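Under the heading domain 'MIR', TrEMBL lists B:349-403, B:415-472, B:481-538. For B:1-59, the entry in TrEMBL reads region 'Disordered'. According to TrEMBL, the transmembrane segment annotation covers B:74-91, B:214-233, B:245-276, B:296-323, B:616-636, B:656-676, B:683-700, B:720-741.
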Amino acid sequence: MTTEMADTTAEGKAQQQQKQKQLPSKDISSKAIVPTSFFHAKWTCTSTDAVLLAGVLLVAVIVRCWRLSVPNQVVFDEVHFGKFAGKYINGTYFYDLHPPLAKMMFAAAGRLAGYDGVFDFKSIGLDYAAAGVPYVGMRVLPAVLGALTVPATFAAARACGYGIDTALLASLLVCFENGLVTQSRLILLDSPLVFFTVLTLTAWSMFWTKQGRPFTGEWWLWLLATGVMMGCAASSKWVGLFLFPAIGLSTVGDLWDKIADRSISPTRWLAHFMARAVGLLAVPFAVYVFWFQVHFMLLHTTGEATSMMTPEFQTTLRGGLNVSTDRDVFYGSEIRIRSSNANSGYLHSHTHNWQHDKGSGQQQITIYGHADENNLWIVEPAFNTTVDSSQGPVKVPTGTKLRLRHKTTGKFLHSHDKRPALTSDDQKFELSGYGFPGFAGDTNDDFKLEILSGDKNQVGSSDHVQAIYSRFRLFHPNLQCSVYNSRKKLPKWAFGQIEANCMRNCLPRMSTWHVEYAHYPNATTEEVAKAQYRPLSMWAKIWEYNLLMAESNESLTGDHPFAARPQHWAWLRRGTAYWGGRGHFVYQLGNPLIWWTSLAAVVLFGLVRVVLFLLDKRQIAASMGGQRRVYLSSAGFFVLAWACHYVPFFLMGRELFIHHYFPALWMAILVLAFTLDMLTARLPHVVRLSVYVVVAAAVLHVFHTFSYIT
Amino acid sequence: MSLFEQFAAGNGAKGSMTEADSNLKPASSPPPKYSEKASLFASDSDDDTMARPAKTSRPDIALQQRREWRLSQYWVHIVVLTIFSAMTRFYKIGFSNRVIFDEAHHMGFGGKYVNHTFYHDVHPPLAKMLIGLSEALTGFDGSFDFKSGSRFPANVNYTFMRLFNASFGATLAPMAYATLVSLGCSPNAAFLAGLLVCFDNALCTISRFALLDAMLMCFTAMSVLSLSGLYKYRKQPFSAAWFKWLLATGVSLGLVASAKWVGFLAVALVGLYTLYELYDLFGQKEVGIVSHFWHWATRVVALVAIPVAIYMLCFVVHFGLLYKSGPGDAEMDSLFQAGLQGSGLQNQPLDVAYGSKITLKSAHPGAGLLHSHTDAYPDGSKQQQITGYSHKDTNNDWIVKKVHGQSYGNTTDTIEFVKNGDLVRLVHERTSRNLHSHAVAGHVSKRDWEISGYGMDGTYPDINDHWRIEVVEELSKNNPERRLRTLATRFRLRHVGQNCVLRASGKSLPQWAWRQAEMVCDRRNHLDEKTLWNVENHVNPLLPPAKPSQLKSSFLRNFARLNLAMARSNNALTPDKDKFDALASSPQDWPIMRLGMRMCGWEDGEVKFWLIGNPVVWLLSTLAVVLGPIQMLYYIVRRQRGLCDFAQEKEWETHLYVSGILWGGWALHYLPFFAMGRVTYQHHYFPALYFAAMYLAYFVEWTGRRIAGSANAPSTKAVMIGLGIAAIANFLYFAPFTFGFDYPAKDLAGRKWFSSWNIYDTTK
């Protein structure tokens, strides 16, 4: 064994025990509740290790790639991710609530395998073979990534200071975990995610083996590798972000210990601090931004999902929104009014009426996503007032009362003391189209246009309405309410369009509007000033996309039949049916033996930690047969990481699936291996090995039993 | 005023503190000290000798004199603060004769106790019962309904009601003083804390109306005062003084939690302190296992059992006082309602028979009564909607009938009763639809089957209209046939065709069903409370009315149900993000005083109150709670580096403890509001502010001691005096907001220090 552990010798044990007796509070691992610093093992890869690494990789590749072509149909979320790969290949813009890296990897794999982006992965069970899709090539990517996690597990265990036997056991447990196997045989994002998560923590463990020689090349290599891998994990799925608290807490703990180390000068400490800030925060951030940049470069052409983005975003896409409109809005201009807050569309009306029993029965006012004739409005002076346009068109200043006449039906935008269709809130009023030939209208047609903000670079956009540049609200003085975008879908009788109503005490949050198209019909031939959306910068695009992702994540509250809450994951209470047909099934289910025992190992760690905590407080020495430091620091870190990848899910309201547990599962498996090592450390070597063999055999047996649905 | 002398005793001998401590009996003093329990309420001198055994052995004339001088100084301070508090809290208290702000709610709830009508509210009952008491003391006859903004009639003595409430608020400043003295601060710092609390406009304003906050604040202050006493005597566990403060802590916690649920944050503070203390004790090898047991046992009794008992006692009184049916009935289960006078549930026939008209109440709070109306589901089967609805109307009436193809007797002699295991059909009386389920997915809970109203009574016979009665719980006696009984039987309705159970899903349907509760047929055997039902109203002219029911609803069940309902109402107070609410504010606004709040209408001629803090107190205390941790971090980092800043380790430990109580109290009373989904108001910050003000005074003194070397250094004193004068001056400058002003708000334009303050409308 090349692993050197300072206190495996009898002398070391005695020393340690004595030390604990005297200065319990100075011992790092016994001070913190969860020890954040690893044991400083000094592992360097030997030829034995190299052979074993290659060996486990081979086994893992065979297990992951066995009958990879079955089933030859679209399985579960391949529906989405296969389709997205096609979009990358075609360059059509799409939106998804996950970051882009893993999807781009599938696109690359598809491209290499010869996928042309035509097949649309429309529904589960569609036949690949018939459509000639090189799906096996695409599935090889997750399989290889999944297989690589196995040698990585071996390395991580070795780097934490464990022997070849324990490292082998850990990698076998990962290799024969049915859930991880299923997940890495399909075109799903979890295999890349787990891969990057595992590599992050392996690199982090390696980094710790270089603790004795800080700022050397290898030290930097592993630090930066951790950062890059962590960035990639976060760029695959946001679950990767949970690595940050795990590694962050461990770093804070380490830096805290370094303060006490008088041999480290304050300047050197600052260097340590900065190195980690760069490696573990700046680098992952740069990686994340980089992949988004690639994402936007690949998706250069407008697609179906474009309408979800702001107009400023859309103008950056080829074939996207290309607005060029008259800048100034005059009395008599035809305008199209867009909701500035949510990308729901334009203020709209059509020749259908509100229902009589629950509304006024007057013409409907809605918000509609597509530009058509029915969302053109004509600016007219307020009821009983006139504007003299004989000297040329008159601009519309802020704070004036005006009326908006619907161009195709001639009705005025109107509000009155009636409840809107979708609420009984007495602070909200119905909007309707009102008026008929020969009727002059009334004061309920009047709206006060108040500009909330103008464009800094456009002189006068805060004083007079300018298309695109002036953001305003439409205030109804009689009812003291503002035109409001409720973002609620109306029923079928209003064609599922979005509701607009007039709301009192309304914040600008959802009641800001702007003119997207303006045209003065009697324009003289003179050149008129034009207005355009300003295309977004890369940073603004990334920011907008990420905000949208956060929003969609929050609102993902369906009732999927196979959704599972986190309290059921660790018990493996239920799996997810992925695919079924012709007597075969693919059912996402873990290896129960591994799931249950790894959970038990985590719980055991918690108990041991609490007992030690109390014993230390009582100043009773407990060295756990010399295993204490290695076990507490290594298992402690992975339990911390496990908790970071598991506990936050309890706070999430969104729909969750068992595959969200996989990163945490990998950490629990390592804890399991470390625990077995700790428990058998004092047994004779033969006994210990036979325990390992029995465990491995049992796991293999269970794997085999469940392998038919894997 | 025995408690005061105890503080004085502890503090006067600051110089001799260390000797005294070293002479103390070790903390492991065995439980036989139990005998002292008898002297729990013994006289002060007793306390004193027990608490400080070192004293008696060393009569020191000079020390004695100094102590007496200190003692008189404390008394002067206390009296001055009390007079100031009374002056600020009582001055012009009846100036506005209108119902201000939430007086509409809380005086109204007080009136419910006078009228004995049952109501429902989000807050626990204690503070509202006290308001009710103040109303009863004035001889209020319950005829005024305290509508918001209305004028009090001549026969309502609102001035007394407000005075009653304000006297709770007036105790804050002296208690802040006593707390800091007890935590070991100098009289100067303690007096400064008293001044800051006394002359804070917000704390003063909120105390001057009949609201819950003055009482809440008073009980919070009591809790932390008792905690400081407990801290002071922590080295003399099981002494009489220690027991006294332990008991006082328990009682205060019970009171504060019964006033408002925010009071549980004070419970958390005491809980954390106690756990830390016990953990500390655990590390002391000389404390034996038996002693540990007593440490735990006394704390569990005093800090858990007593508060729980007080909290529950408040509800006992609450239920006892409100014995008439009122607006809150529907929140409770049927059995409870039957116990209320005038609920109309007393004299109904007991056994349900075929042909009876009944209403069905869900055991799930919030699901209400089984309901149907003429609207149909917009998709799914598009049949008639079945929902749960809390309000009582005729759309909740169902007729129990036999399954299709069977009939039942309809005379007094042939009447047939419904029994456990019977197959029945429930027909909605208004629309003649049968309660129906089928293999169509639910509308919100898509994993379960839809419940609909189908058919025209017997016109389209369908086996999917059949339900089996499964009795789960029977509360009445003498029911050998297991008949279905009004109020007394809790049962399930199992759908025969699909083998599923009628269940309130706990979710609300969309607007097309008026956001009423969703009903589903549960396929997955969730046999929980949501599947349980009982008959609430029962009409059958063929049956005689029952004798006045012997059924009593159990207190524990009512208690649990009401608390759940309170939690639910609390969670329902979610703000609309798109809407501007002039009264609400968010936690990040509070410490920086971004917003004030208009407490009433803003017409020029009316008396107006504007809720705003004293900027000197608020902003500087915010500065202190921000600087404090930074300063703490500085020392902690230096300690970690092995650098010694303190001559005595004890000094550092004391600092940790006191900061823990004061700063921790602030954090515990403030930070949780960020996590709350409900709408938050400025007055939620007041308990936190109380801690912050005390922390400010302590922080000034401690920093002064670190920098100038002594708490009595002239520079420290100067800062303290400056702070006190500034606070008083600012209070007086903002006094119109606090005491009310009846001239146009525009006249106070100069006091609009931040553009976000809505003292007057800039637009109009």
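For all residues, glycine too, the Cβ spot is worked out from N, Cα and C.
Curation does not apply to TrEMBL; its annotations are automatic.
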Review point. What is the three-state DSSP composition of the domain 'MIR' (B:349-403), stated as helix, strand and coil residue counts?
Key: 3 helix, 27 strand, 25 coil
Exercise for review: Return yes if the transmembrane segment (B:214-233) and the transmembrane segment (B:74-91) have at least 3 CB pairs under 8 Å (sequence gap of 6 or more), otherwise no.
Suggested key: no
Check your understanding: When you scan the chain for residues with a C-beta under 8 Å from the transmembrane segment (B:656-676), skipping those not six or more beyond its ends, what do you find?
Key -> 183-185, 220, 224, 227-228, 231, 262, 265-266, 268-269, 272-273, 276, 587-588, 590-591, 625, 628-629, 632, 684-685, 687-688, 691-692, 694-695, 698
Check your understanding: Residue counts in helix (H, G, I), strand (E, B) and coil for the domain 'MIR' (B:415-472), per DSSP?
Key -> 3 helix, 28 strand, 27 coil
Check your understanding: Residue counts in helix (H, G, I), strand (E, B) and coil for the domain 'MIR' (B:481-538), per DSSP?
Key -> 6 helix, 30 strand, 22 coil
Exercise for review: Find the average pLDDT over the domain 'MIR' (B:349-403) in the predicted model and report it.
Suggested key: 90
